[in-house]
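According to TrEMBL:
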type	residues	note
DOMAIN	18-460	domain 'Amino acid transporter transmembrane'
TRANSMEM	12-33	transmembrane segment
TRANSMEM	40-58	transmembrane segment
TRANSMEM	174-195	transmembrane segment
TRANSMEM	207-225	transmembrane segment
TRANSMEM	237-255	transmembrane segment
TRANSMEM	276-297	transmembrane segment
TRANSMEM	317-345	transmembrane segment
TRANSMEM	392-408	transmembrane segment
TRANSMEM	463-484	transmembrane segment
Amino acid sequence: MPAGNYDPSLTYSSAVGLLYVFNLIVGTGALALPKAFQTAGWLLAVALLVVSCITSYISATFVVESLSIANAATAKRKRDGENEGDENEEIAHHTFEITQRVEVSEMASMFLTRAEVIISYLALNIYLFGDLAIYSTTVSKSFMNVICSSFNSTSIGPDSPCRDFLPSFVTRFFFYRVSIFLFIAACAPMIIIGITKTKYLQLSTTASRWTAFTLMIILASMQLIDKGPAAHPAAVNMHGFGSLFGVTVYAFMCHHSLPSLITPMSSKHMIFSKMAGVYALVIAFYFTLSLTGAFTFEKVQDVYTLNFLHDENASWGYFIIDHFLALFPVFTLSTNYPIVAITLINNVKVLRNLVAPPRYGEDEERLVDADPLADDEPVVTRNIKRRSLGDVLIPILAIGLPTLISFFSDNVLFLASATGSYPGVFVQFLIPCLLVIRARQYSAAFLQTSVPFKHASPFTSQFWPFAVLAWAAFSIVMTTLNLFQIQL
């Protein structure tokens, strides 16, 4: 969907918009947090989650401020085209109002250098590759554990039989790989024809997400009160820093889709304060979910919903709830997978044309970010006049490589931490910081005005972008040291 004035009929209240932001943040990463809390220690996890929440919020305000400047820049270009450009004309403050959806990629093209744009596309593409690998792994692992028997037994391993009556070669990991192929086969037709999530699917996904997370908190709390803590995690375990940092970054990811959620809001009054309230609610939610899980279960699974499967309570009520929780990732992530896959395919094609521009004429292309509110609207907006071999290979590689990763590893915690620690840092920290630095320079040089207070991030000092970048650099170093088991 090209940038432009949004349809007033598609607007929604700020409360609904903030609910969408909450749902965007609270996703797959939340399911890996309890395991990361138990591995890294509860005190270190609490401290790192707070820092990650604050830095993520700062970066999110940078994206919104950059979006405001992009709207003013777009308005100026339109006015200059109509009036043959009066360079001395003062930019009115109302032009900074966010009335046009300008995606992160478009802002990068407006404000960043070509090299920085290529780096931005590359980072987001790698992040989306990781996203697809996490989705296919989580869905397949959940489905495998529902079909195969007695998950919570300590003697169960990947090479254990799936079911006693099945042939010996049908191990749990064998069935996990079969589940991957079934999942990809189900999603491939939707990717080919460009099916996107509808509003009704968005609402049903939201309802199931709130129900599942609420049930997990209640069930874990009840077990903790009734039986006491089954585990006693250490306060600090620096060996778990790397995985914890990656998961916390992944758990607060929303920046690449913020323009799609903020622009349709009918009122942006006090948007930064309202976003702070959303982040406060999210971190309280994460604390409750992670701390109850880390102490309730002796061994927390990397997909937290699986801890509630095959428990000792055999009543029908618990049976239904446990299987609903176990299948929750299957339902929700299956609806997101085609959208992310289509987005990735488009992004890789754009990156290809940035690095090696085609010789033949082609319509201007742009990165298409996943719009979780699109109602039967095709994500693919590119109009290529002639297909090439790359146009066939790119979708195969975009789906095939993440699938191959899932085929050889079912460790969701590792995939989430790796995706968050490296490409996630670029998407959540580097790109927003670069955008706001360059956008402020653009506003001063070409718009000849500072950003109005209403639209400026609360973190107006130039210190803040560099502070966020410093934190990101420190964390990447610590993650890398932990990855190679190097102790300081």
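Numbering starts at 1 and runs along the chain as it is shown here.
Glycine is no exception: its Cβ is also placed from the backbone N, Cα and C atoms.
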The transmembrane segment (237-255) touching the transmembrane segment (317-345) per 3+ Cβ pairs under 8 Å rule: no
Per Cβ pairs under 8 Å, the stretch of 40-58, 174-195, 207-225, 276-297, 392-408 packing most closely against the transmembrane segment (463-484): 40-58
Best-contacting stretch, by C-beta pairs under 8 Å, relative to the transmembrane segment (237-255) and drawn from 12-33, 40-58, 174-195, 207-225: 40-58
The transmembrane segment (40-58) in contact with the transmembrane segment (207-225), cutoff 8 A, at least 3 CB pairs, sep 6+: no
For the transmembrane segment (174-195), distant same-chain residues with Cβ under 8 A (at least six beyond the ends): 136-137, 139-141, 143-144, 147-148, 158, 162, 334, 337-338, 341-342, 345, 378-380, 395, 399, 403, 406-407, 410
Chain residues outside the transmembrane segment (12-33) and at least six past its termini with a C-beta under 8 angstroms from it: 49, 134-135, 138, 202, 205-206, 209, 213, 247-248, 250-254, 257-258, 261-262, 264-269, 271, 274-275, 277-279, 281-282, 285-286, 289-290, 293, 302-305, 329, 333, 372-373, 412-413, 416-417, 420
